[in-house]
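Residues annotated as N-myristoyl glycine in Swiss-Prot, with similarity to another entry given as evidence: 2. According to Swiss-Prot, the deamidated asparagine annotation covers 3, on the basis of sequence analysis. Annotation source Swiss-Prot lists Ca(2+) 1 binding site at 63, 65, 67, 69, 74. What Swiss-Prot records for 86-121 is domain 'EF-hand 3', and it gives sequence analysis as the kind of evidence. Per Swiss-Prot, Ca(2+) 2 binding site is recorded for 99, 101, 103, 105, 110. The feature domain 'EF-hand 4' is assigned by Swiss-Prot to 129-164. Residues or ranges marked as Ca(2+) 3 binding site by Swiss-Prot on the basis of sequence analysis: 142, 144, 146, 148, 153.
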């Protein structure tokens, strides 16, 4: 799973791990979650091609050993990253999620498609359109103007821009997924969704 994921897993309590293990084995008695089961658990049906690609990309980034399954430790690492991951850890994961073709760079098309897919799944109605958000990201952090973002450009640029970090974190808030895991697959109503503390990844009161 790598050092990044190990650090977040170590921060989990035994109670949390036990609860997640019970839930995981209830939903997936075989101990290995397939991509199809991953979609099924979250009630993701009739997805657009872009949304379907996003979910498959998310699954692949959490399938750390690339065997086509998510086992319990990968499941824990994924959830701990969402709940307790530090900003840089989350940004590295976001980058992997955006880099659909795996070439080590994010282009405008990749970012735009992922943002559209996330908003469709999260049922977001942000004031800023996906196109405007994508333009803002590239205008602010594509330092060399080549139309692609390297990992270094992405992490350094986002961390230096408080507004961009806030918008990015809000756009990629995955706490609704954790809510569904903890509440037997029920979707979180928009009014229930927690505001995120940008610097720590925790919810604000």
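Residue numbers in this text run from 1 along the chain shown.
Including glycine, each Cβ sits where the backbone N, Cα and C put it.
Per-class residue totals from DSSP over the domain 'EF-hand 3' (86-121), listed helix then strand then coil: 26 helix, 3 strand, 7 coil. Residue 110 (Ca(2+) 2 binding site) has its Cα within 10 Å of the Cα of none of the binding-site residues 63, 65, 67, 69, 74, 146. Note: residue 99 (Ca(2+) 2 binding site) has non-local neighbours 105, 106, 110, i.e. same-chain residues 6+ apart with C-beta under 8 A of its own C-beta. Long-range neighbours of residue 103 (Ca(2+) 2 binding site) (same chain, six or more residues apart, CB within less than 8 Å of its CB): none. Within the same chain, the residues at least 6 positions away from residue 69 (Ca(2+) 1 binding site) whose Cβ sits under 8 Å from its Cβ are 32, 33, 34, 63, listed in sequence order. The binding-site residues examined here are 67, 142; by Cβ neighbour count within 10 Å, the least packed of them is 67. Taken together, the residues of the domain 'EF-hand 3' (86-121) have an average pLDDT of 86.
A 10 Å cutoff on Cβ-Cβ distances gives residue 148 (Ca(2+) 3 binding site) a total of 17 other Cβ atoms nearby, all chains included.
For residue 146 (Ca(2+) 3 binding site), the nearest of the binding-site residues 65, 67, 74, 101 in terms of C-alpha separation is 101.
Take the Cα of residue 74 (Ca(2+) 1 binding site) and measure to each of the binding-site residues 101, 142, 144, 148: the nearest one is 101. Using a 10 Å Cβ-Cβ cutoff, residue 101 (Ca(2+) 2 binding site) registers 10 neighbours. There are 20 other CB atoms within 10 A of the CB of residue 110 (Ca(2+) 2 binding site), with all protein chains counted.
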